[in-house]
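Student: Supplied in structure tokens, the structure appears directly below.
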Amino acid sequence: MAHQKFDVGGMTCAACQTHVEHAVENVPGVSSVSVNLLSGSMAVDYNDAACDADTICSAVDRAGYSAAPIAAAGTGAAGTSASAGTAPMESPTKKLEAAARAMKTRLIASIIFLIPLFYLGMGHMLGWPLPAVFADHAHSMTLALTELMLLLPILYMNRAYFINGFKSLAHRAPTMDALIAIGATASVAWSVYALFVMADQLARAQVHMAMMTAMDNLYFESAGTILTLVTVGKYLECRSKSKTGSAIEGLIDLAPKQAHLVSPDGSESTVDATLVQMGQILRVKPGESIPVDGVVVEGSTAVDESALTGESIPQEKTVGDTVYAATINRTGSFDLRATRVGSDTNLSKIIQLVEDANATKAPIARLADKVAGVFVPVVLGIAAVTFIVWLAAGGSITQALTASVAVLVISCPCALGLATPVAIMVGTGRGAEMGVLFKNAEALETLQKVDTVVLDKTGTITRGKPAVVDIMPQVRSDGSAMTQKQLMKLACALERGSEHPLAEAIMDHADKLGIVARSVEDFRAIPGQGVTAHEGQNVIAAGNARLMDSLGIAYSNETLVTLSAQGKTPLLFAKNGELVGIIAVADEVKPTSPEAIRALANLGIRSVMLTGDNAVTAQAIARSAGIDSAAVIAGVMPADKERHVHELQRAGHRVAMVGDGINDSPALARADVGLAIGAGADIAKEGADVILMHSDLADVARALELSRAVIRNIKQDLFWALFYNSMGIPLAAGVLYPLLGWQLSPMFGAAAMSLSSVCVVTNALRLRRFRSRSC
Ligand SMILES: Nc1ncnc2c1ncn2[C@@H]1O[C@H](COP(=O)(O)OP(=O)(O)OP(=O)(O)O)[C@@H](O)[C@H]1O
Ligand SMILES: [Cu+]
């Protein structure tokens, strides 16, 4: 299977998006495709044995659009590309800005010709003073020809609508441009016909009748106005769209443009940061941002990593520590060896992740896409019916034409097609600013439906940095007991081979006491229970009550309950079938956890705690975190966490799982939405749909609120788009004519159409200012 992103050219509206999708879907070997109208890009999954990027591009070409593969980041080729480092990413924002500039030029030029055209076209009806050459009835032909001359440059400037529109008709996949092109062409054609009628009337010296024809049937100013207004809409839309990516733009700007390269001979030179290669030595001075990911090789400093982790306290860095691009060097000057450059740096991966999320499609967009796909043909049909009904009901050709042109230009599928991608783009960007990375649009949509949040205990509710608090040697059957130091030595020997956070706590404490670990044989880790090993002739073990039970070792339950009730985790140590001591380890509840759990409750979400720890300790922690005692699931074996999530789902809950993303991957993947917390600089968390950069549970509530705000926004827009079209089309067709004798002018229709798509984009842009209310 291959995954490839493409740049797609020539798409102008939501219908185009559907046409490109259909074209690619029909290529044999393609398993999924999603086209993003907003960024003009497309993501395709295909079986590379059956087809390749070229076949896909030519399928797009045949549909009347263009496509070109974008060099993929994250595949093996990235970062090792010959051009040293990788070229800075081409941002969709830049493309949109360029499009907006081009639109502006086109718009200004159109307006310059439209003003006199409009004055001449409408002036004589409104009694405005006209220059003497046009004032006389006998000069109606001069007036008409002048109008035509003024219209020609407007037609030329806006030729793209005609070219794209008629091309799409030729491909039998009409787009919105086809509606505009047909509407404008009909107006112009009818007016030109009227011109010939006038010429004939003048030749027969019917001066007054020629004037009447000019007043009733000339539509040059209408065609000019329609085109100009559509361009106004397109321009405003492009301008707003270019703002949707500003959050990503902000991330890209975080990385410094230049780096100080230190040559092997010790001399320093300033180079473009994108040209830095792996292994090169760079110098970073106080106050500067770090240009690439690397390892400190000389000097020491404090680094503000808040851009990546949200942690505002600067981190001490000395030789051997890793530093990340876009973090800020606060105090000292140091040298680093570049380890990840170009598209491999963490920052680039974050940006890539957000951009990839934008290439995916939220389920809610599918319905809108379906409607947009049939929208244009349906509108063409309605326009034709309108024309026939008007004539059949005894209307004039002019009236019938007015109504059907109005139908063509008032209909707007773009609001339908834009609502979702614009809101998702702004939403994911805003999320990234807050340290919440959505990996796909579906996660953003699903999160707001969640009613239960399952929280892992260690590292999620608690800090995940347990510390030894009690060392309690136990009296053996022969009356002897170890000293605290002896017990620690035994513990240390056992836990040395374990990667469990509890083992780390023991090792840290041993370090402080200056204990050097002895080596053991036959080390075995029993997940969810503990570890066993041999030390010479001795059989030693460390773990929880369950492990002791299975080894048939006696212990005092009372001591365990006392320790557990204080929220400590007791670890039992045994030697040769006898209990020799208990070491209690405690992990602090993060200071932000209780507030975050309250915030979730206020959002109507039930928090459930899931842990491998014993029930008494778990309850004590739950109490201080503010979790309902009935919502604690303790003593869960690591492999069973996924099953518990599944059970909650079977009970009808929509479940989000929050974990550290290391040993909870299956549970994170099973949950409707998996959130990996505290990712900081390590964003490659498996199984998670959402990456929380900070290790603050409040981000779960924030992510949820953001998801709700985005989906609410999309629903508003979709509702508005459907409402607008279902009101606008009948009005334009003239349903009110029998009642009021009033017909909607096509010019008004074009204005309404432009406004409607601008409204949608503007509404979505409000999400840029999203703030969490609960925390
Ligand atoms: N290396 C070890 N040394 C001592 N005890 C261990 C070890 N590994 C696991 N245990 C025991 O098994 C229990 C369950 O461990 P598990 O890894 O399933 O969960 P946990 O890390 O305690 O909590 P959580 O599920 O919240 O992450 C621990 O509480 C501990 O008592
Ligand atoms: Cu439109």
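Just so it is clear, glycine is given a Cβ too, placed from its N, Cα and C backbone atoms.
Take a look at what TrEMBL says about it:
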| type | residues | note |
| --- | --- | --- |
| DOMAIN | 2-68 | domain 'HMA' |
| TRANSMEM | 107-126 | transmembrane segment |
| TRANSMEM | 138-157 | transmembrane segment |
| TRANSMEM | 178-198 | transmembrane segment |
| TRANSMEM | 218-236 | transmembrane segment |
| TRANSMEM | 371-393 | transmembrane segment |
| TRANSMEM | 405-426 | transmembrane segment |
| TRANSMEM | 718-740 | transmembrane segment |
| TRANSMEM | 746-765 | transmembrane segment |
Student: Reported in the order helix, strand, coil, what are the DSSP residue counts of the domain 'HMA' (2-68)?
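Tutor: DSSP composition of the domain 'HMA' (2-68): 22 helix, 24 strand, 21 coil.
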Student: Answer yes if the transmembrane segment (405-426) and the transmembrane segment (107-126) have at least three CB pairs under 8 Å among residue pairs 6 or more apart in sequence, and no otherwise.
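Tutor: Judged by the Cβ rule, the two regions do not touch, with the required three close pairs absent.
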Student: Who are the chain neighbours of the transmembrane segment (138-157) in space, where the CB to CB distance is under 8 Å and they lie at least 6 residues beyond its ends?
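Tutor: Counting only partners 6 or more residues beyond its ends, the transmembrane segment (138-157) has Cβ contacts under 8 Å with 106, 109-110, 113-114, 116-117, 120-121, 124, 130, 184, 188, 191-192, 194-195, 198-199, 202, 207, 210-211, 213-214, 218, 220-221, 223-224, 227-228.
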Student: Could you tell me whether the transmembrane segment (218-236) and the transmembrane segment (107-126) are in contact, taking contact to mean 3+ Cβ pairs under 8 Å with a sequence separation of 6 or more?
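Tutor: These two segments touch.
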